[in-house]
Amino acid sequence: MNQVLVLNSGSSSIKYRLIDMDDRARLADGTVERIGESAGSVADHAAGMDVVLGALKGRLDRSRLAAVGHRVVHGGDRFRGPTLIDDEVCDAIRELIPLAPLHNPANLTLIEAARSAFPDTPQVAVFDTAFHQTLPDYAYTYAIPKEWRTDLGVRRYGFHGTSHQYVSRRAAAMLGREPEEVNMIVLHLGNGASVCAVREGKSVDTSMGMTPLEGLVMGTRSGDLDPAVSAYIARQSGQSAEQIDQTLNKASGLLALAGSNDMRDVDTAAAKGEEAARLALDVYCYRIRKYIGAYLAALGRVDAVAFTAGVGENSATVRAGALLGLEHLGISVSPKRNAQESKQERYISPYWAQTAVLVVPTDEEIEIADQALQVLGAQP
Ligand code: ADP
């Protein structure tokens, strides 16, 4: 019993990975994309599960499958860690649908399909929000009416928790210390992006809020915005709340500023002197810098700043831009180390720096597999 199947479903995709936990080797992995998007594509996440099962034929050995690990986006304030799935847990994930209307239904459909495909295998839910359940009340509370907070659950939950947890543990290991001994700022910069302030191994603040829209500028999301903008646009243009929500989530961010949500395109265009791309890059990096300043104040002492995910792992421009002018706070990159391309965990700060600046490739699938086994009482 040494195999774990990890299923990571987005609103229109399923990433899967079958892992041999003895040597952490990938026995199979892939992505089913554009689920439910058009006629002829995979109809829903249950049909997507059939595609995954087809792809695993010949590689998956049911007698050796110890667990199926599921990424679930929203665990509300109910799930503080990985959880063995039963009917009651499915009901609780269903009750949280209003908080994550696109993701939790997709996650649930996939969980149900996997439970019927593997009725004898334990299934574990790993929540994107769980790592942030350690936020103190003053960090997760919005200053809004009590009924909104208590009856409607409006508060900061935070996301990307699996990645922040994995990266913060790896970063502590790179410093040669236990996670409980280290304070750090983790920058997860992918299509979605968020910052996390980690004190002694625990999340104490994070930039995404009740939904993944708040915080940093992202591929297609605006990040922080005056909350009055939505009502203003509704009044001026007659658009519905739903349309405005769509625009802020799907048609804003880098895409709105520079015409592409892919940082590679923005970087290339900025290097060619295109003004819109220059501005997009500056807005993107400045937002990160403001959060670093805020989290330095929140943490007091910071031992490391860690970059991860597609942009964080690959864009030297963004890493340098985000830390520009922070030398007097002990945070800087060595231009030579920063420019070096690599898929490995590495230091990019100069040898004399007070604060380590690190690049740590994230691996949410391994983290989900490890947490799934932890729940079953088998240490990874
Ligand atoms: P997801 O949130 O979908 O998991 P990823 O972590 O894979 O996203 O990040 C995707 C982003 O990473 C893309 O927007 C892409 O622009 C960016 N990216 C990937 N490679 C590079 C690179 N070499 N330089 C700059 N950005 C990159």
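Keep in mind that glycine also has a Cβ here, set from the backbone N, Cα and C atoms.
As recorded in TrEMBL:
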| type | residues | note |
| --- | --- | --- |
| ACT_SITE | Asp128 | active site, proton donor/acceptor |
| BINDING | Asn8, Glu364 | Mg(2+) binding site |
| BINDING | Lys15, His188, Leu189, Gly190, Asn191, Gly192, Asp262, Met263, Arg264, Gly310, Val311, Gly312, Glu313, Asn314 | ATP binding site |
| BINDING | Arg71 | substrate binding site |
| SITE | His160 | site 'Transition state stabilizer' |
| SITE | Arg221 | site 'Transition state stabilizer' |
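Feature map: annotations from TrEMBL on the structure.
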residue : record                             : DSSP (3 states)
Asn8    : Mg(2+) binding site                : strand
Lys15   : ATP binding site                   : strand
Arg71   : substrate binding site             : strand
His160  : site 'Transition state stabilizer' : coil
Leu189  : ATP binding site                   : strand
Arg221  : site 'Transition state stabilizer' : coil
Asp262  : ATP binding site                   : coil
Glu313  : ATP binding site                   : helix
Glu364  : Mg(2+) binding site                : helix
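Highlighted here are the binding-site residues (Leu189, Asn191, Asp262, Arg264, Val311, Glu364) whose C-beta falls below 6 Å from ligand 1: Asn191, Asp262, Arg264, Val311, in sequence order. Closest to Asp128 (active site, proton donor/acceptor) in space, going by CA atoms and restricting to the recorded positions Asn8, Lys15, Arg221, Val311, is Asn8. For the binding-site residues Lys15, Asn191, Asp262, Val311, Glu313, a Cα to Cα distance of within 10 angstroms from His160 (site 'Transition state stabilizer') holds for none.
The binding-site residues recorded for this entry are Asn8, Lys15, Leu189, Glu313, and the Cα of Asn8 lies nearest to that of the residue listed as 'substrate binding site'. Residue pairs drawn from Lys15, His188, Leu189, Gly190, Asn191, Gly192, Asp262, Met263, Arg264, Gly310, Val311, Gly312, Glu313, Asn314, the listed ATP binders, are separated by up to 23 Å at the Cα level. The shortest Cα-Cα distance between Asp262 (ATP binding site) and any of the recorded positions Asn8, Arg221, Glu364 is the one to Arg221. In this structure, the C-alpha atom of Asn8 (Mg(2+) binding site) lies 20 angstrom from that of Glu313 (ATP binding site).
The recorded positions listed here are Asp128, Asp262, Glu313, Glu364; among them, Asp128 has the most other Cβ atoms within 10 Å of its own Cβ. Of all Cβ atoms in the shown protein chains, 22 besides its own fall within 10 Å of the Cβ of Asn8 (Mg(2+) binding site). Neighbour list (Leu189 (ATP binding site), Cβ cut-off 8 Å, at least 6 residues apart, same chain): Leu216, Ile288, Phe307, Thr308, Ala309, Gly310, Val311, Gly312, Ser315, Val318.
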